[in-house]
Structure formats: structure tokens, C-alpha cells
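Undergrad: Sharing a structure below in C-alpha cells format, with a few things to ask.
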Amino acid sequence: MYTAVDGARVPIRMWADPASVEDQAMRQLHNVANLPWVHGVAVMPDVHYGKGATVGSVIAMRDAVSPAAVGVDIGCGMSAVRTSLTAKDLPDDLGKLRRRIESAVPVGFGLHKTPVNPAKVHGVGGWDAFWKGFGELHSGVQELHDRAARQIGSLGGGNHFIEVCLEQGGADEGRVWLMLHSGSRNIGKELAERHMAVARKLPHNADLPDRDLAVFVAGTPEMAAYRRDLFWAQDYAARNRATMVALLKQAVRDELPQVTYGDAISCHHNYVAEETYDGVELLVTRKGAIRAGSGDLGIIPGSMGTGSYIVRGLGNDSSFQSASHGAGRRMSRTKAKKLFTADDLAAQTAGVECRKDSGVVDEIPAAYKDIDSVIRAQTDLVEVVAHLKQVVCVKG
Ligand code: 5GP
Ligand code: MN
Ligand code: MN
């Protein structure tokens, strides 16, 4: 259940203890809820400070959208697939499986030498129309197009990851799942930043408490241009993840030829959707939140050493049919690097085949909130389908 936080033009519904939310995040929430175009704000239990607007929140607006609230990784999200394997099928040497995955999917700044052949990405069509759409929007920008094509099917860095997980408890104890976290790579960032710069200069944004909250409004050419790039980048992100799922499935099949797969689950957690509530058409921005409409399958990851959850939405309108996108950060990357060492990381990722060097100390499990508490705080938004724990984690 949520707590209503007053003091803004529209109520802020919060699935977290308001006392636990940092001051600067609370200020951001009030700034957002005071925007003239805002219809409602829902705050998820993984909420924390973010650029422009908090991560772990849902902003429903009428006839407006804030590009900084969507963020630079347009369409960032998760994909997961259940396999026919169980723990006993996995090799003792998980390092080999990890290396196979790392050679199938470029990570960090890596991209494909030549674009992945779309014929290899089963179940995803419409590639010609997709690229034509980009060409029509950005004709003559061949360099941008070529880079975007070679980044399809690549992971990126930071906390983007690929995991091999085992189901915990229940009738399907030990079931192997594959999951991954990535978005629209550099092309999404490039498009987002262009539009954010345009929005900041629009006269109707002159008096905002925070210039990062600059919005586009319906009926303007700037809004039309943003919407086209936004929805294209969301599609790009979904295709990027679908391509990686195909490459990942093949990599696991090369190691374990008997494997078969269920249908992939895919959910954005940084995106905009047009949805109607009580007859009002809204632009719903989920920035670090997933859609949790009735029956929707979603993925809520914890950290590189704790579990993750596959969930099913309950269709609760009070959160604009949304749920958290993860455990959420407990502290900044800078603070995590100050507080913890590579030895701490190794201790907190015991039993996980993953990087344990100082380069990923800012991703240490203790830098994130407790995923189980985050799940317990939203039992009116989602129900748990499967509780997973990783045995392999590849980070960019
Ligand atoms: P974000 O999209 O905000 O960058 O991160 C999404 C969420 O993923 C974080 O809030 C965190 O709970 C979770 N997370 C970060 N790194 C990992 C990881 O390596 N493995 C898993 N399972 N979850 C992670
Ligand atoms: Mn991302
Ligand atoms: Mn993300």
C-alpha cells in the first residue's frame, strides 16, 4: 500500500516510507508534482535521486513529456527466458560458460564488427521498415546509422548485465533462467541529449524550478520530433535486447546442446507509453519503473550478488499500473567506491562467476537496497512468479 505525500499540486503516492527517501530525491518529486502538466506521480519502493527526476518513479502527464525525466537510456529494460535446464545440467566450470557468453555478445564499449544478421533473430521482424524509419528521420547521417546498426545486440557498460540464474524454492527449484539488462545504447543517448538541449531553450520552460524538467508540449513541432525519435529508440532498445537474447540462447546451446527455451519476457523500465486512466489520455513516463498491468510479466533485478524476481502485474491503477524496476541504489557510485574494496565485492558475490575487480566495486550488492524488502513493499502491485539467484553475471 502507498502513503500519500502532500505539499504539491497533485498528490504523490509513495510505495516507500517517506522518511527513508533522501532530501534531494524528495525535492525532485515535489518539483515534478508541481509541474502544470502533471496529472499524478507514483513513487516505487526502489526510488532514489536521479538526473532531472528520481529513478523509481512514474510521472503521468497530460499533453506533455519531459525528455530528461525519461533519461538518456531510452528504452532501458530487462529480458529473461526460462530454459529446459536445471542446476545439475550446468557444467562445474562456469567460467567456460561465462567466456562463451562474453564472446557471443560484445560488452562495455564493444560493438559488432558487422551488424548481426536479422535472420538470426527469430521472432523479430520488420527490420527494413525500422531502419527506413530512422533514415527518414535522420537522412544523411550515415555514420550514426552505421554505428546504431553495429550496436544492435551489444550490452553496454555500467550496470548492464547478462546472467545465468537458478530458480529458488517452489516446485521449479533449480530451474535455469537467462536474463539481461540493456537499452538503446549510444544512439538512444545521442537522440535524448539532442532533444534535452532543445527543450531547455523553449520559452514555456523559462520559470521551472529545475531546468532539467523542461518539457515538450502537444501540438508543437519539437514534441512531434521528440516523439518520433523516442518511440524509434524504444523500438531499438527492444530489438537490441531481442538480438542479445538470440545470441545468448545460441551461446548456451553451443555449450549445452540439449537446451530448449520458453518465450522471452521483455520489459522496458525507462520509457513513455500512451495510456488512459479514468477516461483521461496520459503520457506515462516510467523512469526506473515497469508496467504492471493485470497479467503482464515483468522482471525486477536485485544486484550482482542477490536475487532477482520474475513478477506478474496486478493492474493497480493507483500506481498507473506500475511497479519497481529493481532494488534501487542505496548510495551513489562515488560513495560505494569510498566505502568498499574489491575484497568486499568478492565476499558479497561468493558463488557467482563474475568480475570481482575494483572496476566494478560501485556495483557491489551493498550499494543497492534489499530486494526482498522492495518486493514486500509492492504486494498490491505485483505477485511473484519466480525468485532467481545468479550463478554467472557478465558486466560491461
Ligand atoms: P538501472 O536501470 O537503474 O541502472 O538499474 C536497474 C536495477 O538493476 C538496479 O536498481 C539494481 O537493483 C539492479 N542491478 C544492478 N546490477 C545488477 C546485476 O548485476 N544483477 C542483477 N540481478 N541486478 C542488478
Ligand atoms: Mn540502461
Ligand atoms: Mn536500466
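Cβ from N, Cα, C; glycine included.
Copied straight from TrEMBL:
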- HIS325: active site, GMP-histidine intermediate (ACT_SITE)
- ASP73, HIS160: Mn(2+) 1 binding site (BINDING)
- 159-163, 269-270, 301-304, SER308, 325-328, LYS395: GMP binding site (BINDING)
- HIS181, HIS269: Mn(2+) 2 binding site (BINDING)
Undergrad: Identify which of the following binding-site residues, namely ASP73, ASN159, ILE162, HIS269, SER303, GLY328, place a Cβ less than 6 Å away from any atom of ligand 2, and list them by sequence position.
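TA: Going through ASP73, ASN159, ILE162, HIS269, SER303, GLY328 in sequence order, those close to ligand 2 turn out to be ASP73.
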Undergrad: At the Cα level, what's the spacing in Å between ASN159 (GMP binding site) and HIS325 (active site, GMP-histidine intermediate), rounded?
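TA: On Cα coordinates alone, these residues lie 13 Å apart.
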Undergrad: I need the nearest neighbour of HIS325 (active site, GMP-histidine intermediate) among the binding-site residues HIS160, HIS181, HIS269, SER303, using C-alpha distances.
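TA: Its closest listed neighbour, by Cα, is HIS269.
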Undergrad: How many Å lie between the Cα of GLY328 (GMP binding site) and the Cα of HIS269 (Mn(2+) 2 binding site)?
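TA: For GLY328 (GMP binding site) versus HIS269 (Mn(2+) 2 binding site), the Cα atoms are 12 Å apart.
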Undergrad: Write down the Cα-Cα distance for HIS160 (Mn(2+) 1 binding site) and ASN270 (GMP binding site), rounded and given in Å.
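TA: HIS160 (Mn(2+) 1 binding site) has its Cα 13 Å from the Cα of ASN270 (GMP binding site).
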Undergrad: From the Cα of SER303 (GMP binding site) across to the Cα of HIS160 (Mn(2+) 1 binding site), what is the distance in angstrom?
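TA: Checking the Cα atoms of HIS160 (Mn(2+) 1 binding site) and SER303 (GMP binding site) gives a distance of 11 Å.
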Undergrad: Filtering ASP73, ASN159, ILE162, SER303, GLY328 (binding-site residues) by proximity to ligand 1: which pass a Cβ cutoff of under 6 Å to any of its atoms?
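TA: Once distances to ligand 1 are taken from each Cβ, ASN159, SER303, GLY328 fall under 6 Å.
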Undergrad: Looking at the binding-site residues ASP73, ILE162, SER303, whose Cα is closest in space to that of HIS269 (Mn(2+) 2 binding site)?
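TA: For HIS269 (Mn(2+) 2 binding site), the spatially nearest of the binding-site residues is ASP73.
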